[in-house]
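Visitor: Sending over a structure as structure tokens; questions will come in a sec.
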Amino acid sequence: RFIAKPCAISLGIQDSGPHRAQPNAILEKVFTSITKSPDGKRLEGLSKQLDWDVRKIQRWFRHRRNQDKPTTLTKFCESMWRFTFYLSIFFYGIRFLWTAPWFWDTRQCWYNYPFQPLTSRLYYYYILELAFYWSLMFSQFTDIKRKDFLIMFVHHLATIGLITFSYMNNMVRVGTLVLCLHDASDFLLEAAKLANYAKYQRLCDAFFMLFGVVFIVTRLGIYPFWILNTTLFESWELIGPYPSWWLFNGLLVTLQVLHIIWSYLIIRTASKALVRGKVSKDDRSDVESSSEEEDVTSNNTKGIFSTSSNGSNRLNGHMAGGQWTGE
């Protein structure tokens, strides 16, 4: 309210929503009570009832659907808040772990376990992360609706379970490694979304590609070969299996499955961007939008990447917000 909104306004982002549908009691009742996307048969019935052209009714429903979507300013403010937190907590974690012996030797996570001291810096690091993920869990029901709602819900549950479980069992050393590793790429995604909302498309593309590289390296490389290696094998070797060992590693493996899903989506998005970038070099103009898409605003566009007339790829802000909030 006091920081993100003035920044957005200074960048030229207006607090104006999409075109509002003209008031119509009959169509509003159908929209709220029956369907938001009527089929051909229902459109024909409404056309006869209202003496409207079918195309006009389709346009009304399109405007009515877009009317409920958040404005670019709202999405910018949400992304800026998350960018600020992710960036701050990542640098806090790096600064803290740089002097921690288990950051350089993961076997230190299990020496003298479970009799390991809980310092104040480690405690605050854990509590801040736990509070943030609890806030994400609850705000997910009121924030901008995402297409990966279910995946994110499972992710938040697994994360909160891991943080709480590791704290209760004094596995905070390896827990800090997991937290810092996950924070390494999140602020880059939010930075890409901020650049997209502000219409700095080249900067957006650069941040997104950097995010994709960091995400895949940390989640498919460092995480399994550094984190899972110490929790599955080094812990078994140094302290042996224990009852909670199975639950702890089960949650960590669940996160790895989600990492694989998100990595696939990121690679698919980047591939589409590269393919469309090559196609856009053709001198022919882009295909015009269909009638169903003709009035949709640029921040709620039809694909993962849209290609502008000058051939530059633009990351779709709506899809970026929906698919790539990996944490």
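The first residue you see is number 1, and the count goes up from there.
Backbone N, Cα and C atoms are what each Cβ position is placed from, and that goes for glycine too.
Remember, TrEMBL labels are computer predictions, not curated facts.
Reproduced below are the annotations present in TrEMBL:
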- 29-72: DNA-binding region (DNA_BIND)
- 299-315: compositional bias 'Polar residues' (COMPBIAS)
- 27-71: domain 'Homeobox' (DOMAIN)
- 83-103: transmembrane segment (TRANSMEM)
- 123-142: transmembrane segment (TRANSMEM)
- 149-168: transmembrane segment (TRANSMEM)
- 207-226: transmembrane segment (TRANSMEM)
- 246-267: transmembrane segment (TRANSMEM)
Visitor: Please average pLDDT over the DNA-binding region (29-72) for the predicted structure.
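Guide: On average, pLDDT over the DNA-binding region (29-72) sits at 81.
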Visitor: Please spell out the DSSP helix, strand and coil residue counts for the DNA-binding region (29-72).
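Guide: Once the DSSP states are binned, the DNA-binding region (29-72) shows 31 helix, 0 strand, 13 coil.
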